[in-house]
Amino acid sequence: MTKLVRSRLDLTWVFTTMKRLRLPVLAVLFLAISPVQGGEIQIPVIKDGEAQVIKELEDSDYWIRHDLWVETEFDLDGDGKLDRMHVSVTRPTQTDTQSLKLPVIYNSSPYFAGTTGGDESYFWDARQELGDEPPKRSAAPAIEREGTRPIISKRHVKDWLPRGFVVVHSSAPGTGLSQGCPTVGDDPEALAPKAVIDWLCGRAKGFTEPFGGEPVEAYWSSGKVGMTGTSYNGTIPLAAATTGVEGLEVIIPVAPNTSYYHYYRSNGLVRHPGGYLGEDIDILYDFIHSGGDEETRAYCDCHIRDEQMMANQDRATGDYNDFWYSRDYLNRVDGVKAAVLMAHAFNDWNVVPEHSIRIYEALKKNGVETQLFMHQGGHGGPPPISMMNRWFTHYLYGEDNGVEKGSKSWIVREKDERTKPTEYPQYPHPEAKDVVVYPVPGAPQRGRLQTAPLTEPITETLVDNFSFAGETLAQAEYTEHRLIYTTPELSEAVHLSGTPRIKLRLACDRPAANLSVWLVSLPWNTQKNSKITDNIITRGWADPQNIESMRESKPLVPGQFYDIEFDLQPDDQVIAKGQQIGLMVFSSDRDYTLHPTPGTKLTIDLQHTQLSLPVVGGTIPLESQD
């Protein structure tokens, strides 16, 4: 293979090329000392509906890398100038040598330049009485910025560039070398990636520097863009799609946070994401705020974190408000035009599965091409690369591979590898029907679940104590700190598909209480090699003070009974023959809720309590209840 290396002293060639291609100087210098391939190649190469790896594109020595700043339509940092987002581009040399125009895989993130890491010293103290203002928290540690120009990140490059795609990264507002402030949701986190897509399609301005600089054009872009990413990086593609920006053809969000209220609250209750007790939206702001100089950071901290987030997040009541409304992408989903492949896990207790299910359902209703990939693991986990390939190849290269036809739901079964999902026409399973079961008393031991309601009023009482983990309470044979009701052993496996729903009539001896509900599979598997699906079926949480409205808490009248009804997290799981399905009701969930002083009593009226289970086939096969 012929390699041509220009002399260092051939600066006339360098700057002539820079002017012609409108590239940053750094990028052209990189190109100037890089080898050049001879002969033209065909891009893309498609086989069986997928873009294939092209040998000539695998060698990173033949990639062009450069960075730039794209101008947005907002000024968050108060300097009187429109904020610019830091963007990096990695593309095949053939975009210059053959003047190719290629589609783009775009990934945006607030994490590229670093975070506060595992330091949780500045998190909120969960030891808080319900309804009280939280104790003051500590200041967050400084972020040691990572990354060097022109490379922001190398994620996705090896997967997609050799298949004939340009890969683009950008840092979110207020992070890395992007200007502005983090807003953690809200308009700017949608408008920032929109600006980058507009630049890729020739509608927005790009520059070689964060201030001033020479114009940069994406002359190598075909104007067709796909986005993907996981967690926060999966939220941003959805945010961009809600703007309806032209050129964004397809997104594959993985475990996206689609509502910051649903991330930090649950049915009016302050409920932390799994593994991050004490985190709230202001904590996440500090976690990612790696951008700006000292003066800019102070401005952002004051005007965004303190005046907006800390003033409106409301850790005292957990109520919904306009601040949270503006950070819920379901409220903007009507703007989505791009095709969407949602990916999530049913046992993700960080970003719980409702985040993707609610968007999937709304997009289906709106007639947007959408499919769902779900697995049985925890947070993260993209679809198989072959599935993603088919989506990107279809929507970005126009290949008629039938990806939009056929099954709409792809679910990895309990014992299968994530690369081998099972196809279903839709989610939930079309044959799933609600089966209602009712509790029979047994406290402080275990009661039963049966398919007939009680004919006489019976109550049982539990005593709140956050000291005990939910896993401990579920396994306990005898405790006053939870109520638990189980089916008889299943005579056949039961396939749950959909969203369980709980109805409770309860009274409390205090004006406020946490309410937690778990569905569990018993007996509990205590083996070291147990899987998460062996024990936890699903969970849910709610604030009894928000029975009438999510926007306004009303103190409970001690001793008065209230009816409360809410969804648990969506699921699709097969409960094995011989297991029992258990409904556990308790108050404070040690790993998720606030930790008020123990001792609050919740009394449940069993005659007016029921659980609705979405069962494929519509029946639960039970052994004799005698």
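Positions of Cβ are set from backbone N, Cα and C atoms, glycine also.
Quick caveat, the model's predicted, so the values are computed rather than measured.
As written in Swiss-Prot, here are the features:
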| type | residues | note |
| --- | --- | --- |
| ACT_SITE | Ser231 | active site, charge relay system |
| ACT_SITE | Asp348 | active site, charge relay system |
| ACT_SITE | His379 | active site, charge relay system |
What is the number of other Cβ atoms found within 10 Å of the Cβ of Ser231 (active site, charge relay system)?
18
What's the CA to CA span in angstrom from Ser231 (active site, charge relay system) over to Asp348 (active site, charge relay system)?
11
Other C-beta atoms that fall within 10 angstroms of the C-beta of Asp348 (active site, charge relay system):
24
In Å, rounded, how far does the Cα of His379 (active site, charge relay system) sit from the Cα of Asp348 (active site, charge relay system)?
5
Around the C-beta of His379 (active site, charge relay system), how many further C-beta atoms are within 10 angstroms, looking at every protein chain?
19
